[in-house]
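Noted in TrEMBL for the protein shown:
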| type | residues | note |
| --- | --- | --- |
| BINDING | 47-51, 111-117, Asp137, Ala242, Gly302, His349, Asp412 | (6S)-NADPHX binding site |
| BINDING | Asn48, Asp107, Ser140 | K(+) binding site |
| BINDING | Lys382, Gly383, Ala384, Asp385, Ser386, Gly411 | AMP binding site |
| DOMAIN | 1-195 | domain 'YjeF N-terminal' |
| DOMAIN | 208-472 | domain 'YjeF C-terminal' |
Amino acid sequence: MAEADRAAAAAGHSGLALMRAAGRAVAQAVRRRFRPCRVLVLAGPGNNGGDGYVAARLLEQAGWPVAVAPLAPPRPGSDAAAVAAEWRGPVVPLGTAETGRAGLVIDALFGAGLARPLAPELAALLRGVAAPLVAVDVPSGLDGATGQPLGGFAPRAALTVTFFRRKPGHLLLPGRELCGPVELAQIGLPGSVLDGIRPRAFHNAPGPAGEGLWALPRRGAESHKFSLGHVTLVAGAEMPGAARLAAGAARRAGAGLVTVAAPDAATAALFRAGEPGLLVSEAPPAALLEDGRRNAWLLGPGLPAGPETLAVLRQAVEAGRAVVADGGALTAAAGRPAALRGAAVLTPHAGEFARVFGAPGPDRLAAARAAAALTGAVTVLKGADSIVAAPDGRVAINDHAPPALATAGSGDVLAGLVAGLLAQGMAPFEAACAAVWLHGDAAFRALGGASPQAPLVAEELLPEIRVSIASLLPF
Ligand SMILES: NC(=O)C1=CN([C@@H]2O[C@H](COP(=O)(O)OP(=O)(O)OC[C@H]3O[C@@H](n4cnc5c(N)ncnc54)[C@H](O)[C@@H]3O)[C@@H](O)[C@H]2O)[C@H](O)CC1
Ligand SMILES: [K+]
């Protein structure tokens, strides 16, 4: 955002005009969402505070009772000083007496310029605000780059109005929850300011080539099962259910063929008793690798976390196959991320990530990027705000997933989706992004309009995958 601001200034855009547009967007959002009431604007010393002064003036002009409580005066000569000088209404001390009287508090203390944790007195003041709080750009104290409160605290907003583009902190947890609903306002910055910046953090969303982040593979009259790829999934004897879910998802993602490599006759019989369209083999994985048409391999769901799993993984990678490492394959690489080098996609949850790479820490985007760079594999750090990181530094943040997905087997379905899309020729980053989105979308569909907090079981996702995929394809 700072680079975009610099590019805009270089291209002749006035910072003052941007600030007026930002403040106007805040005032309009407040008028749209709240009934007239006594408003208190908490104004910081920078441009975030400037936006607050503009909003204060416009709300006052609309007949709302407004007061401004400055934290510190803006730097003389700055845009914020110019709009502060236009404020003729009441200026009150920043304290609990004033926040207690307000029907609505506009938090214009700090935005993108937050440089250090909030002072304890300020955090205490914000903690005590009982009225709804509207955050300008971000709730003050929240790091827009990571979604973490810089000093452990940022207030919970009833509404956040941000400008030009959403920032990672609006999508990453806990930021996403602290922001409340996020309104995105355009303030006159042209998209072309991003041309020279080439942002590398994205919202995970589908779209036609060039617009969204990814588009699904198309099948046409010329498609046949061999042109749509062949997923081979290595199963263990202990948890065959995991492999069944993954195989079911890989098939429904549209892979032409899916084979389960079973470890023994009894497990093979179990798979054969399942879906009749699933291929089952008792041949050792090394023998199956000789068939070059088996282009995508999934290792992990229900596999033991032992050296034999890693050995198959290395063989598949060295044979040039697109390998998805999940579950047991990840745990087998605990403390040894190099063992995963060359895989196409890794799908660790936070625990598996910590086992392989160490705890991600507060900057999860940076941690996922580092893991992807280290292994050369697209890394999906799974959670309510799954992050998909590519070795080249691109990251996508997913917010399209209900908490209902927090259930056993859900991860196996995701891993199967990734493998199924890879088999059809999608590139690893796009395949992983698409799989994460489809996984969440299938869950919303399985809930059928019920609360996203209602429970689901992983099996219920499978029939919805086609509906989710079809919703993105032309009829
Ligand atoms: N293009 C846009 O999107 C526009 C955004 N606008 C708004 O501008 C802010 C960013 O403004 P900036 O002046 O860079 O930073 P802040 O106002 O967030 O704060 C800087 C100010 O605060 C001091 N400071 C930082 N952290 C602390 C702290 N913990 N305690 C005390 N003081 C702190 C710092 O030293 C500076 O003095 C963006 O968020 C938008 O709201 C434009 O108005 C329009 C264009
Ligand atoms: K703010």
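Even glycines carry a Cβ here, placed using N, Cα and C.
Bear in mind that TrEMBL entries carry predicted annotations, made automatically and left uncurated.
Structure with TrEMBL features highlighted.
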residue	record	DSSP class
Asp107	K(+) binding site	strand
Ala112	(6S)-NADPHX binding site	coil
Asp137	(6S)-NADPHX binding site	coil
His349	(6S)-NADPHX binding site	strand
Lys382	AMP binding site	strand
Gly411	AMP binding site	helix
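In the shown protein chains, 30 other C-beta atoms lie within 10 A of the C-beta of Gly50 ((6S)-NADPHX binding site). A gap of 35 Å separates the Cα atoms of His349 ((6S)-NADPHX binding site) and Asp107 (K(+) binding site).
Within 8 Å of the centroid defined by the CB atoms of Lys382, Gly383, Ala384, Asp385, Ser386, Gly411, the record's AMP site, lie the Cβ atoms of His349, Leu381, Ile387, Asn398, Ala401, Leu405, Val436, excluding the listed residues themselves. The subset of binding-site residues (Asn48, Lys382, Ala384) lying with their Cα within 10 Å of the Cα of Asp137 ((6S)-NADPHX binding site) consists of Asn48, given in sequence order. Within 8 Å of the Cβ centroid of the K(+) site, not counting the listed residues Asn48, Asp107, Ser140, the chain contributes Leu42, Gly44, Gly49, Gly52, Ala108, Leu109, Phe110, Gly111, Ala135, Val136, Asp137, Val138, Pro139. Around Gly383 (AMP binding site), the C-beta neighbours below 8 angstroms that are at least 6 residues distant in the chain are Leu173, His349, Ala350. Close contacts with ligand 1, defined as a Cβ under 6 Å from any of its atoms, occur at Asn47, Gly50, Asp137 among the binding-site residues Asn47, Gly50, Asp137, Ser140, Asp385, Ser386. For ligand 2, none of the binding-site residues lies close by, meaning a CB under 6 A from one of its atoms; the full candidate list was Asn47, Gly50, Ala115, His349, Gly383, Ser386. Averaged across the domain 'YjeF C-terminal' (208-472), pLDDT for the predicted model comes to 96. Counting every protein chain shown, 28 other Cβ atoms lie within 10 Å of the Cβ of Ser140 (K(+) binding site). Every protein chain shown contributes to the tally, and the Cβ of Gly411 (AMP binding site) ends up with 26 other Cβ atoms within 10 Å. Cβ environment of Lys382 (AMP binding site): Thr347, Pro348, His349, Ala350, Gly411, Leu414 lie under 8 Å away, each six or more residues apart in the same chain. For the binding site of AMP, formed by Lys382, Gly383, Ala384, Asp385, Ser386, Gly411 according to the record, the largest Cα to Cα distance is 14 Å, rounded to a whole number. The secondary structure of Asn47 ((6S)-NADPHX binding site), as reduced to three states from DSSP, is helical.
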